[in-house]
Each structure stands twice: as structure tokens, then as C-alpha cells.
Amino acid sequence: MTANGEPGANSDESSLNTLPLPDIRTSPMPNGNSNSSHKSSTVIESQPKRRVSIIADPPMIGGASGGAAGYDNLAYEQNPRRKISQTSTHSHTEIGPARRRSILKEPSLHTNDNESDRGSTHSYENYRQSALDVLNAKYQGHQHQPPQSQDGANYVEDSWIYTFCLKCRGEEPSESWEPSFWQKVFPYPLCPTFRTFSRLIVLILIGLLLWIVAFVIIGDTAAPGGQLFSLVVLTVAANFGGYIISLTTLPRLIGMLLVGILFQNVGWVDLEGDFSKVTGHLRKFALTIILTRAGLEMEPEAFKKVYKTILKLGIVPWIVEAAVMTVMSHYLLDLPWMWGCLLGSIIAAISPAVVVPCLFRLRTKGYGVVKGIPTLVVAVAGVDDALSVAIFGIISTIMFSDKGVGYQIAQAPVCILGGLAFGVIWGSIARIFPEKGDAYVVPLRTLMLFAGNLVAIYGSEELGFEGLGPLGVVFSSFVSNLFWCKDGWDVDDNPVSTAFEIFWMIFEPILFGLTGATIKIDELDSHTVSIGAACIFAGVVIRIFITAGIAVGDRLNTKEKFFVGLSWMAKATVQAALGPVALKNLGSDATAEERKWAEIVQTVCVFSIVLTAPLGAILISITGTRMLKKTKQPQILTGWRRSHRPSIRDISIIDEEEEREDPETPRDKETDDNTQSNAHLTNLSYTANK
């Protein structure tokens, strides 16, 4: 049909290109009793959650130039005075950047654009679709005719196995080479890409070669059935278990801990005896990495501005929770006061390994960004860990030392002042050596900081001031980071922090696998488990209310205060590193009662991870979207951030499904007027006359 209603020689496709487009300012809305001559009617439903304001200028019908420009709506996109919404940043006198294809467009009317769209997709999308077409055709028994992706049923893509496999896949940074037969035999995403497969083969070969070398050097311990071999198998299995759990968005450490418990109770691992010395050293290495990362991820400039809030919310709730655990464990678990204090200092610690991934998922969606709540929670978690480890070291030294009262009284001031002095000295040395322009400055700084912090941990233990080392590690990392930032490095992109992130990827499955392997289910006391769980949750609940109560003058409303308290309930890293230490510190002359107390401490620490880590992750994810305000605007905030993750400064949220007006965005009168003038245009329809 032509625009005049006369039959034309061209097909329906050509007639679509000559459809008259009405002027939305003057064209009346067709009513339901339209003339019978209107053979077709295309209705574009309004999107209730997408507000588009168009000023009352005559629309420009796009011609060849409009099509070349690539705009998706030719009637409106050529208007240079169009402003999209209240939060649009481009001028009324400019044409903004080309947007993605509009959801107001009817795809069935523009079949000519599909080919160009396909050409811009990621490389693996092309071969994925061809492979899936073959699978769908085989499933339907029509290999000579691929199934229709829109009208016909796409059985493979609609299946649960496809959804699950696609969830396991990630974006590749570059195009992947693969043999020509690969997609025919291993279609994506039901099978791994050739790049993933080849990476797995390389890792297996490296592990096999290293095992051969270790077996030749060490002997039977590295052979199958030996303790070193069992540790390696436990680490690999814990890593795999963490990956499986991560598919549910829960923290990886939950899967690692469960794998350790499984291996111990099935009898697949035995790490006791002389090999316990090796596991003890591995725990100290993991603890050093945890504290080093905590110091490196503190932003010095932000600390100057919010240090009062950080210290208030980090120290006071910690003291309250530790005190609650001390009192309840003394009266309900029959622990002596010193053992109760030791348990309280461990349990009161927060786990960044649980808190940080959940908070950064919320931050990327814009929740709590305006007030910097994610950075506040992460900052307090780092301070909290340093405080827990230092107090634990002081109490442990007093408990297991046979020296006089003066020595015990000197523990606290010596550890605090000594840790601060070590941090300043070693951090200053790390600024000068190596020289900042050295080609190998990153690996040299990484190794130097790591070696110095290990010396602090082991040296303080040898000197009898066990709390000095952890504080020295945090202070030295913080001071080093301070000087490196002055030399031009950015906290959000610190290569030394990235190196320690890699170290943690190696030691995380070792730490949590070993911690899980300390639990023997058949030897557990039901009374200890139940009362210990009650003590844990009592301390957590009281801490939440204390946090909400003291967060006065911090620009947080009631919901945000309780969310901050909820986010600090998860336990994991410090509990895994320090829980078994008391039992290891007992000498051969320890009494049976002392061993019982140490086992209670270890059991409560492990179950604090099992109970609070998954619950904390779930509550942060659920309550964050309900208790925190969401913003669409990129915000510039100061605070502490995880160095290797996206910065708060780079967040730009435009979520059409959850879009709302940002309360901090000033109103635009011109856009308001345009929105009101077009409010009656809820449905746009136009017809083709035959």
C-alpha cells in the first residue's frame, strides 16, 4: 500500500517504509470505533517506569541522514532540543550521545536492522547462536530447518541447564581462538570455551610437574596418602567447593569450610601430629595477608575526614560484643574469665571476606552511595580486624606466659607503641627503597612489605609481645600506602594491593579448608554447640542495637543505622585464623580441663562462621535494597575502598526498571512542563490506510 491508500507494486516491506508518521502535537488519538478502512494498527504501549519528556517542537522526519546517524526513533531523535529526563546532563541545544535501541520500537517492523545489530555483538555470541540452532534443530527433529528464535520454541535456551551453564560463564577480555571443530563437539555455553579448557590443562600440568618435583625432594609425605598430598587435595577441593557455592551468590568461604568438614569426617585428610606445625605456619601467613590488605585499603585522606566516625563505630560495638561473649561464655559454657575474654576478642571481629562482596554488589546498583555507607562499613571492618588480632595477642601472651605481673601489665602499652613505631619506620623505608622510578618497583615493594610484615608477626611472638606484630602489620601497610599515594599511586588502583589479592586467592582455600578440617562431628558436644550458638546470636543482636544507638550525628536515618549494624554480623577470616591457635599453644603439660576449654573456643569459632557468614550475606543482600536509598547519579565520595574493585567515583546508575527521581537533583522547569504537556499521550497509535 502507498501512503494514499492506493495499491502499490512493491511488497509489504516497502509499504512500511512509506507509512505516514503523525505529528503528536496535533494528531487526534484514534478512538476504539475507528473506520473499517483501517486495516492495521500498531500500538506502542507506554512504559510505566520509563519517563521520556519531549518538548513541543515539530518532529523531523528522518531521511537518509537520519538513518545514517543510527538513531532508533526517526520521528524524535533528530530533534536537537530533546531532553530525556530530569537527570539528563546534555544541553537542550545539543544532540546527546546515540542511545541504545529504544524499547519503544517495534522490532517486527524493522527487520532490516537485525543484521547490523548482530555484527556488533561479542564474538562468542555469533558461534554460540549457530551451535544452539543446531542443538534446537536436533531436538525438534528438523535439522534441515533451524528453529525460529521468535515464533518457535527454543528448547535449549529455555532449559534450566542452559541457564545454569550461562551463569557459570563470564565475559572474555578478548576474542578467543579455537579449532574449527570445537563448537560442533562442545557447544557454548553447555561446554567450556577452548580458552577455559586450555587454561585448565595448563594448571593441571603445572600442578603435576610441581608434585613430581616435591615427591622427589620430600619423599613419602608428598606421595598419595601422605599429609602434604592430603593438604594439596584439600586445597583444590576447597577451591572447587567455594566456586560451587559462589554460584548462589553466597561467599566462597562457606563452600571451602564445608569441604574441610566433609574431608575430616569422611576420613580423607589427617593433618595432625608433626604436620600441625606446618598448618600453624600457614595460618600465620594467611593472617599476615589479611592484615596487610586491611592496611593497604585505607585511604589516608578519607581517614582525616571520618576518623571519628570510624573509631566510634569500630571500637564501641566491638567492646560491647566482646564483653557479651565473655560474660555469657563464663556463666553458660563454664569458661574462666581469661578464656572468655580470649573467645570474645575472636568472635567480635568482622569478616571483610563476607561483607565486601555483598556491599560492592549493592554499591554498583547505587544503594547507599550518596552517604558513603558501603565505604563506611568496609572501613570499620578493617579497623575491627586489627583490634581483634591485637587484643587476642595481648590476652594470649598473658595466658600462656609464666613471667611476672609487671611484664603482663606492660603488654598493652608496649604492643600499641611498638606496633605504631614499627609501622612508621618500615613504611618510611618502603617509600625510599626501592626508588619509585625503578622498573621492578611493584614486585620489589610487594615482597619487601610482605617480608617485613612476616618478620613483625614472628618477631613479636619470639619477643613475648604477640599483640605488637598485628598492629605493626596494619600500621606499616597504612604508612606505606600513605607515601605511595603521595608519589602518585591511587588507592583504587594500587598494584601492590592487587598482588596481595592474588596471595589471598591462594591462601583462602588453605585457611578455610584447614579450619573446617578441625571439626569432628562425632566428637561434638550438643550442649556446647547450642549454648555457643545462643551466645553468638546474643552478641550480634546487642551489637546491632548498640551500633544504631551510637550512630548519632552521622547523617544516617534509622533504617541505615540498622543496616550498618546488620552488615557487621558476619564472622569468618579472623575466626578461622585464630580459633585453633589456643589449642595449638597448649603444651604437653596442659591439663585435660585446659584442653577442653581450648576445644570449646575452637568449636564456637568454627560454628560462628557456619551460622553468621551465610546469614550475614543473605541479610545484606535483602535488606540493602530496602533500607538504603538508591541513586542514579555518579557521586563523588571520600572514603576507604577496596583497591582492585571499581571506585565509588565511577558509579553511574540508570536503571529503567527501578528508576526514581533523585532527591538531590534540582528540578528542571522546562522538562517538567514538557512532561505535563505530554502526560495525556499514554498510548500512541497510528494506522496504515489501505
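Any Cβ shown, glycine's included, is placed from N, Cα and C.
The following features are taken from TrEMBL:
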COMPBIAS  28-45  compositional bias 'Polar residues'
COMPBIAS  103-120  compositional bias 'Basic and acidic residues'
COMPBIAS  653-662  compositional bias 'Acidic residues'
COMPBIAS  663-672  compositional bias 'Basic and acidic residues'
COMPBIAS  674-690  compositional bias 'Polar residues'
DOMAIN    240-612  domain 'Cation/H+ exchanger transmembrane'
REGION    1-60  region 'Disordered'
REGION    81-123  region 'Disordered'
REGION    648-690  region 'Disordered'
TRANSMEM  200-219  transmembrane segment
TRANSMEM  225-246  transmembrane segment
TRANSMEM  310-331  transmembrane segment
TRANSMEM  337-360  transmembrane segment
TRANSMEM  372-399  transmembrane segment
TRANSMEM  405-427  transmembrane segment
TRANSMEM  439-459  transmembrane segment
TRANSMEM  465-484  transmembrane segment
TRANSMEM  496-519  transmembrane segment
TRANSMEM  531-550  transmembrane segment
TRANSMEM  562-580  transmembrane segment
TRANSMEM  600-622  transmembrane segment
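Looking at which of 200-219, 372-399, 405-427, 600-622 has the most CB pairs under 8 Å to the transmembrane segment (225-246), the answer is the stretch 200-219. Long-range contacts of the transmembrane segment (496-519) within the same chain, counting only residues at least 6 positions beyond its ends with a Cβ under 8 Å from a Cβ of the stretch, are 231, 234-239, 242, 252-253, 256-265, 269, 271, 279, 282-283, 285-286, 289-290, 292-293, 296-297, 353, 442-443, 445-446, 449-450, 480, 484, 572-573, 575-577, 579-580, 602-603, 606, 609, 643-644. Taking every listed stretch (200-219, 405-427, 531-550) in turn, the largest tally of C-beta pairs under 8 A with the transmembrane segment (310-331) is reached by 531-550. Counted over residue pairs separated by six or more positions, the transmembrane segment (531-550) shares fewer than 3 Cβ pairs under 8 angstroms with the transmembrane segment (405-427), which leaves the two as not touching. 465-484 is the stretch from 200-219, 337-360, 465-484, 562-580, 600-622 with the greatest number of Cβ pairs below 8 Å to the transmembrane segment (405-427).
Outside the transmembrane segment (562-580), and at least 6 residues removed from its termini, the chain residues within Cβ reach (under 8 Å) are 251, 253, 257, 283, 286-287, 290, 313, 317, 346-347, 349-355, 358-359, 368, 373, 376-377, 380-381, 384-385, 388-389, 392, 511-512, 514-515, 518, 536, 540, 543-548, 551, 556, 601-602, 605-606, 608-609, 612-613, 615-617, 619-620, 623-624, 627-628. Counting residues 6+ beyond its ends, the transmembrane segment (600-622) has Cβ neighbours under 8 Å at 249-251, 253-254, 257, 329, 333, 335, 339, 342-343, 346-347, 351, 354-355, 357-359, 361-362, 512, 515-516, 518-519, 524-525, 528-529, 532-533, 535-537, 540, 566-567, 569-572, 575-576, 578-580, 582-583 in the same chain. Same-chain residues lying 6 or more positions outside the transmembrane segment (200-219) and placing a CB less than 8 Å from one of its CB atoms are 192, 228-229, 232, 236.
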